């Protein structure tokens with residue numbers, strides 16, 4: 001159960017950065033396997049093995065739902081928005097695949113997602129990928145102490161809608177720290193249904209725009225986990241774990257030198 005927003009100390013944020021660096025490396029393992037003919041189960045197996053070898057925990061495995069989530073990785077293909085269960089499905093040329101991974105290292109969590117084109121993709125898919133990554137980058141540019149989250153969410157949503165896409169409304173980002181899901185809820189569009197909050201130094205949140213090519217409406221498949229677009233059109237998903245600093249942000253899940261925002 002979520003409570004008040006947790007403020008992390010500089011030493012705690014440093015520990016979260018170590019978790020984030022391991023997660024960045026884990027994503028590189030997954031990325032190296034993305035090609036036609038590879039199954040989503042093979043990617044998940046490599047991810048789980050890498051996390052285990054580094055004495056960390058794959059956070060998604062065993063998460064309670066209608067049934068426990070069975071894997072350490074969420075791998076969602078094409079019209080699957082999030083929570084795709086790895087299995088025998090082979091990736092095909094032109095697919096859009098989203099990989100979401102969470103790890104806990106030495107008691108601290110990190111969460112990161114990235115969408116990729118498999119081989120050569122259509123112009124429409126590439127535009128969706130670029131727009132969704134751009135929405136995350138917009139948030140990164142706007143985040144600093146004193147800014148209200150709803151203002152950032154509006155700019156993100158406006159960017160997606162200007163490109164002709166829709167923002168998933170039922171799924172949001174979240175606070176993160178000792179637990180994978182902490183306060184606050186972090187929507188990707190402006191809404192009064194979710195309490196607004198003002199960014200302050202020491203907050204750590206996972207920002208994760210999920211943008212659909214068509215309708216924003218979604219549904220859950222019979223496996224009780226995989227969430228898909230209602231019209232069958234593709235969806236993309238990008239996410240970073242981000243700490244608010246005195247003068248801006250530090251991205252917990254970016255590349256090792258900290259200069260690049262993205263892992264992809």
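Using N, Cα and C of the backbone, Cβ positions are placed for all residues, glycine too.
Remember, TrEMBL labels are computer predictions, not curated facts.
Among the features that TrEMBL reports, domain 'Peptidase M24' is placed at 15-246. Sequence annotations record features per position, and here TrEMBL assigns substrate binding site to 83. Among the features that TrEMBL reports, divalent metal cation 1 binding site is placed at 100, 111, 239. The feature divalent metal cation 2 binding site is assigned by TrEMBL to 111, 174, 208, 239.
Structure with TrEMBL features highlighted.
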{"residue": "83", "record": "substrate binding site", "Cβ neighbours (10 Å)": "23"}
{"residue": "100", "record": "divalent metal cation 1 binding site", "Cβ neighbours (10 Å)": "23"}
{"residue": "111", "record": "divalent metal cation 1 binding site", "Cβ neighbours (10 Å)": "27"}
{"residue": "174", "record": "divalent metal cation 2 binding site", "Cβ neighbours (10 Å)": "19"}
{"residue": "208", "record": "divalent metal cation 2 binding site", "Cβ neighbours (10 Å)": "26"}
{"residue": "239", "record": "divalent metal cation 1 binding site", "Cβ neighbours (10 Å)": "23"}
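Per-residue pLDDT, averaged across the domain 'Peptidase M24' (15-246), gives 98.
Residue pair residue 239 (divalent metal cation 1 binding site) / residue 208 (divalent metal cation 2 binding site) shows a Cα separation of 4 Å. In three-state terms derived from DSSP, residue 208 (divalent metal cation 2 binding site) belongs to neither a helical nor a strand segment and is classed as coil. Across the structure, residue 111 (divalent metal cation 1 binding site) and residue 83 (substrate binding site) are spaced 13 Å apart at their Cα atoms.
With residue 100 (divalent metal cation 1 binding site) as the anchor, the candidate binding-site residues are 83, 174, 208, and the one with the nearest CA is 83. Cα-Cα distance from the residue listed as 'substrate binding site' to residue 174 (divalent metal cation 2 binding site): 16 Å (rounded to the nearest whole number). Report note: the divalent metal cation 1 site is defined by 100, 111, 239, and the residues of the same chain whose CB lies within 8 Å of the CB centroid of those residues, excluding them, are 101, 102, 112, 113, 206, 208, 237, 241.
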